[in-house]
Amino acid sequence: MFSLGSWLPALPGLAWGWALLDALLQGESPRGWHGDGLGTSWGTPVTRCCLLPAGLVGACAVSVLCSLLKVYLYIQCLNDPERQAEKEAIRARRWVLEPLHVAVLTGVLALVGSRVAALVVLEFSLRAVSTVLSLGKGAHSSQLYLLCQYSLGCGVSCSLSFLLEGAPHRTCNLALAVGLAGLLAAYARRLARHVCTLYELHSRARYCGICILLLAAGHGIPRLLRNALAVTFAVADLAAVALINRDFLSTAEAVRFWTPLTICYTLLVIYMQEEPRQSTGGQPVYQTVLVRMGGLFILLLTVGHWTDVLHVLISLLGELWCLLRAGVMLEACRRQ
């Protein structure tokens, strides 16, 4: 297997350090660190918590999503004379906070266990399908894109954990994934900054290729995001089911877990379809987060491990962090 130590001089005092760093990059515990041995999410390589590389890739994916949505919403507000206040609010966002958001989200995704991340992915997939089916009744897909931020990060982390498990060059693959994700996030942020600063001028002058392209095809950004998210969550759902099922030693254990989970998710989906229609403000967005995580918390108290309960609390912080950061865009989507 590829390792960092094979690229570096064989220094006796650093051999253990190279092995430790290589194990951390691969999302595993070093040899000899076997967890608690009780079958918790720290005990096996499959269900061990998502570490830094996968979390960073997931945070970069969320950053790309937010940057493209920012471009789309800014252009929509610019073309509507009655939404100039929203346009200025989107433009006034502090760009220096973007790296801070990526860093915090990376830490949250690195701490959340694979089991809870998989459950978050499955829950959002059911909610997304239900919302898409009700689009004809007035639901807004742009708001759904913002609500999937944390779930997208969990989905990317789960997919990497599943697809790279046992890969012969896993460290190299993770490094390549982090590099590509970082480049995409950086270019997406540059695009959003360019649009918020110069699009209004360039779209009139018609001398900037990027702005001309957005002027002609900017309305297609939601369709691009929809297709990309559909593929991402399709892979993440398969990875999530595989990661969860590997924790069970028998079919009876799997049935005892999936039956209450299915009932819980069904009730949550019904609640989230009805609650937003009873209020026109933005408060239901945060209420549904508390209800969803509260339901998952109670469920895992009965059929999960103590580490799963802790990871649900961390997931709650991650969801709230993403929604607070996207508050301006959520308001723009709600008024659209």
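Using the three backbone atoms N, Cα and C, a Cβ is placed for every residue, glycine included.
Per TrEMBL, the features are as follows:
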{"type": "SIGNAL", "residues": "1-17", "note": "signal peptide"}
{"type": "TRANSMEM", "residues": "51-75", "note": "transmembrane segment"}
{"type": "TRANSMEM", "residues": "96-122", "note": "transmembrane segment"}
{"type": "TRANSMEM", "residues": "142-164", "note": "transmembrane segment"}
{"type": "TRANSMEM", "residues": "171-192", "note": "transmembrane segment"}
{"type": "TRANSMEM", "residues": "204-221", "note": "transmembrane segment"}
{"type": "TRANSMEM", "residues": "228-245", "note": "transmembrane segment"}
{"type": "TRANSMEM", "residues": "257-273", "note": "transmembrane segment"}
{"type": "TRANSMEM", "residues": "285-303", "note": "transmembrane segment"}
{"type": "TRANSMEM", "residues": "309-328", "note": "transmembrane segment"}
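Per-stretch counts of Cβ pairs under 8 Å to the transmembrane segment (51-75) identify 142-164 as the leading one among 142-164, 204-221, 228-245.
Sequence-remote contacts of a segment are chain residues at least 6 beyond its ends whose Cβ falls under 8 Å from one of its Cβ atoms, and for the transmembrane segment (285-303) they are 116, 119-120, 123, 147, 256-257, 260-261, 264, 267-268, 271-272, 275-276, 309, 312-313, 315-316, 319-320, 323, 330.
Sequence-distant contacts of the transmembrane segment (142-164) (same chain, six or more residues past either end, CB-CB distance under 8 Å): 26-27, 46, 50, 53-55, 57-59, 61-62, 65-66, 69, 72-73, 105, 109, 112, 114, 117-118, 120-121, 123-124, 128, 131-132, 170, 173-174, 177, 222, 225, 229, 232-233, 235-236, 238-240, 242-243, 285, 315, 318-319, 321-323, 326, 329-330, 333-334, 336. Beyond its flanks by at least six residues, the transmembrane segment (228-245) meets 46-47, 61, 65, 114-115, 117-119, 121-122, 124-125, 128, 145, 148, 151-152, 154-156, 158-159, 161-163, 254, 257 of its own chain at Cβ-Cβ distances under 8 Å.
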